[in-house]
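Here's the structure, in structure tokens; my notes come after.
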Amino acid sequence: MAEFIKPYNDDPFVGNLSTPVSTSSFSKGLLGNLPAYRRGLSPLLRGLEIGMAHGYFLIGPFDKLGPLRGTDVALLAGFLSSVGLIIILTTCLSMYGNVSFTRSDSKDPLQTAEGWGQFTAGFLVGAVGGSGFAYLLLANIPVLQTAGLSLFS
């Protein structure tokens, strides 16, 4: 097993280990296709794609595990709760961008205040849209609403 796990780039002072999982071409390809690392995406599209994914999966826990679970308004309460959390997250992203990016001479547009503002705006629109899409799916397709009940009851 020791021959499979080595210091990253044979430098023991880096602090990372090179394992078959972390240095495989499959792992690098999978991580390279995530919107955070994909080349050529504008900050707005990057935020939109990340926001859609987060908005889509945030509604489920609020719907199935929230205080109004099992009632007729659980799905609506879950949707509104997820939108509330999205607004809080967007506010935090905006505050982070305002204090972190004061220079505008970076090569990466996401590392500037304007680029981070575009990312934040894309995140807000994408997350609310993803949450709304999940709400519409759950409200209009009954088999999706009851699919996860066996996990929590």
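Keep in mind that glycine also has a Cβ here, set from the backbone N, Cα and C atoms.
According to Swiss-Prot, the topological domain 'Stromal' annotation covers 1-72, 140-153, on the basis of sequence analysis. Annotation source Swiss-Prot lists topological domain 'Lumenal' at 94-118. According to Swiss-Prot, the transmembrane segment annotation covers 73-93, 119-139.
As a summary of secondary structure, the topological domain 'Lumenal' (94-118) carries 16 helix, 0 strand, 9 coil according to DSSP. Assigned with DSSP, the residues of the topological domain 'Stromal' (1-72) fall into helix, strand and coil as follows: 34 helix, 4 strand, 34 coil. Within the chain carrying the topological domain 'Lumenal' (94-118), a Cβ under 8 angstroms from the stretch's Cβ atoms is held by residues 42-44, 46-47, all 6 or more beyond its ends.
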